[in-house]
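First comes the structure, then the notes that go with it.
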Amino acid sequence: MAPRLCSISVTARRLLGGPGPRAGDVASAAAARFYSKDNEGSWFRSLFVHKVDPRKDAHSTLLSKKETSNLYKIQFHNVKPEYLDAYNSLTEAVLPKLHLDEDYPCSLVGNWNTWYGEQDQAVHLWRFSGGYPALMDCMNKLKNNKEYLEFRRERSQMLLSRRNQLLLEFSFWNEPQPRMGPNIYELRTYKLKPGTMIEWGNNWARAIKYRQENQEAVGGFFSQIGELYVVHHLWAYKDLQSREETRNAAWRKRGWDENVYYTVPLVRHMESRIMIPLKISPLQ
């Protein structure tokens, strides 16, 4: 059986213009066949259908939605443990005013505390309708907002550190919409190898259908400013048991295993956060 598997590898590599086989290639091919038992030959066929064409456009142009000009900002605030309750109360008193004020072209998408992952952490997701001009308009107005400046001064005493990123949403994900609760949310963050964002998007565009039956898919984003080649997938579940059952169900669907097989090599690092919504969060 081994020589036959090796000859397949040689043929495939000649067609693709790659180098000759190595010992690890034979093991990888065998693992791929075992990985998709119910789909004989899928490993060989996938060598041809998953090739990504070279592009001249930026991946932000190719992967983001054309019909909207939304820009997103995600904030991670690491709070001093003794101040977490006070931080939440202060946040819930001030941020909704910006969300409801039509003079500010920004809106809250979601606000959470991290439950499992980094402790004593708050995560905020904002939407700027109108892209970078809306972001700058909002930032300029906040410089003259006395209440917001006081909020920032008070908040700074409660924080250990903070960071943010500007994001675009993938074209094949639905735009995040308010949800009734109670739900828990999972933010899965993937740090990709440079140059692999388009391949990631191509694979997930085919695979997202396997993760929508229970309405668990909330939003998918990729970074534009801040740490680059970072992807965030946001999911909603009723509870941890529901999360377990939903994720296991995906593995029983033909095609999901191939998506995992082809996207795992693109990842340098991945992280999962389980988050609980704050009272003000539109995503409950």
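In case you wondered, yes, glycine gets a Cβ from its N, Cα and C as well.
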Listed residues Ser7, Ser107, Ser129, Ser223, with the one flagged phosphoserine by Swiss-Prot: Ser129
Per Swiss-Prot, the range holding motif 'SIFI-degron', considering 2-15, 226-239: 2-15
N6-acetyllysine per Swiss-Prot (candidates: Lys51, Lys146, Lys253): Lys146
Integer average pLDDT (0 to 100) for the motif 'SIFI-degron' (2-15): 42
Neighbourhood of Lys279 (N6-acetyllysine), C-beta criterion under 8 angstroms, separation at least six: Glu92
Residue pair Lys191 (N6-acetyllysine), Lys73 (N6-acetyllysine) - Cα distance, angstrom, rounded: 17
Lys191 (N6-acetyllysine) in three-state DSSP notation: strand
Same chain, 6+ residues apart, C-beta under 8 Å of the C-beta of Lys143 (N6-acetyllysine), given in sequence order: Leu149
Assigned conformation of Lys73 (N6-acetyllysine) - DSSP reduced to three states: strand
